[in-house]
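To keep things clear, I will list the structure first and then write my remarks on it.
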Amino acid sequence: MKKNYLLLYFIFLLCGSIAAQDWNGIPVPANPGNGMTWQLQDNVSDSFNYTSSEGNRPTAFTSKWKPSYINGWTGPGSTIFNAPQAWTNGSQLAIQAQPAGNGKSYNGIITSKNKIQYPVYMEIKAKIMDQVLANAFWTLTDDETQEIDIMEGYGSDRGGTWFAQRMHLSHHTFIRNPFTDYQPMGDATWYYNGGTPWRSAYHRYGCYWKDPFTLEYYIDGVKVRTVTRAEIDPNNHLGGTGLNQATNIIIDCENQTDWRPAATQEELADDSKNIFWVDWIRVYKPVAVSGGGNNGNDGATEFQYDLGTDTSAVWPGYTRVSNTTRAGNFGWANTNDIGSRDRGASNGRNNINRDINFSSQTRFFTQDLSNGTYNVLITFGDTYARKNMNVAAEGQNKLTNINTNAGQYVSRSFDVNVNDGKLDLRFSVGNGGDVWSITRIWIRKVTSNSANLLAAKGLTLEDPVETTEFLYPNPAKTDDFVTVPNSEIGSSIIIYNSAGQVVKKVSVVSENQKISLEGFAKGMYFINLNGQSTKLIVQ
């Protein structure tokens, strides 16, 4: 009998694991770009495979969502946003509408606790309710000036079928005082489904927010609409920035009686017709292929993060980390007392070093990954001098007493073994320091090829990288070459790739020999001069 119980227990665990990501096997339909792949953003993705109701919200819900609007607004028209109308049944999210009396309705809503920002793909699988109410999956900025409507559907259309057969795919730009609203108009914003009401089946609704001036809309994996610069903000409500701010995700239903017919109290009381069902939501960001974007699966071997604000520029191929990025698959374990700044691009600062995360407190950055040995590169610096910055990994001190002058950016790296599926990086300040300040975290799995190559060149994995590493591009320069100081005239410089293959050989004609990087792909290389080797990172 005990064996039977154990078997049932393991079957239960297996089923729970299988259900953890209901979208497994469904490819992201948008193109992430050349050399890029999709990486799941777990802190805003959810299969809703848990039970949740008002007064009984598990961590699986509260870590990602709140059952209310971004502020105290209670909704448009006859809507009353109300927490009990947002619940889960163990496999789906229910966004319900119920009678509130006096012609009004209680309406379910959830808002993400974590923000997203372009480039990002977001998608839900959902079935809209059979009501005149709006069912919506959308995003909104804190200042309520930028809105993206991934989908807004009306399940029934009293007196006709026009709205029931069309899905609204749109966006808004606002001026709040005096209130001014722009959204694109015309048939292109209403996708027609061949005469079949959208309420009749589950559909996948997605949008690739590619950049501030490009939106791509997808339904059931097919691109159905593209919005470009001319339609984003023609009235210049946003001052030329486009849709550039970090934003919250919202899933809700609304009784939009300011322009739509009202649902009757009898209609609202019909539980067979008053629920907007959401099977899952998934969100992805494009990352460099070398970064091993996991598309929702395990196995990523490289993770590149550009630390800054919610709106500052991000280096191509990197993923944004701001002071509000909470640990899901990656992020800060505690965001309290972490600051962020964008110092701008003056004095030659590039998009890696112009923006920072900083704190006077000890804080942990965590990354989920497979077990193994990883090389971690961290870039320190700011426009102000910083002293005695320290980093520990997996409980072991790795970098100590890192100092940078004002405007100086220094990269240091180390290797660390991970055996619990999560890398923990601890950032702190020692005596005499005020804050730690970092611009980049780059985590790369150490392969047998790279380890063997280092050994062959007289280096070990424990050698201090600060004396043996170049970083390109230089924080203050963008020329397509790297300079090797103290070169011996008449000798040769040999550059190997990470597989140990020779990719370039240069005869030294100057004590500060310049090497052109034209044609070099992104990645890690090794420069050998007179038997001494150093890493060269091209990004």
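Cβ coordinates come from backbone N, Cα and C, glycine included.
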Region 'Disordered' according to Swiss-Prot, located in which of 332-353, 354-375: 332-353
Tally of DSSP helical, extended and coil residues in the region 'Disordered' (332-353): 3 helix, 5 strand, 14 coil
Same-chain residue ranges lying at least 6 outside the region 'Disordered' (332-353) that approach it to Cβ under 8 Å: 306-315, 318, 321-326, 359-361, 363-366, 379, 381-383, 407, 409, 435, 439-440, 473, 475-478
Around the Cβ of Glu147 (active site, nucleophile), the count of other Cβ atoms that are within 10 Å: 19
Set of same-chain residues at least 6 away whose C-beta sits under 8 angstroms from Gln96 (substrate binding site): Gln85, Ala86, Trp87, Asn107, Gly108, Cys253, Asp271, Asn274, Ile275, Phe276
Trp73 (substrate binding site), number of other Cβ atoms within 10 Å: 11
Cβ contacts of Pro84 (substrate binding site) (under 8 Å, same chain, 6 or more positions away): Ser53, Glu54, Tyr106
Glu147 (active site, nucleophile) and Gly90 (substrate binding site), Cα-Cα, nearest whole angstrom: 30
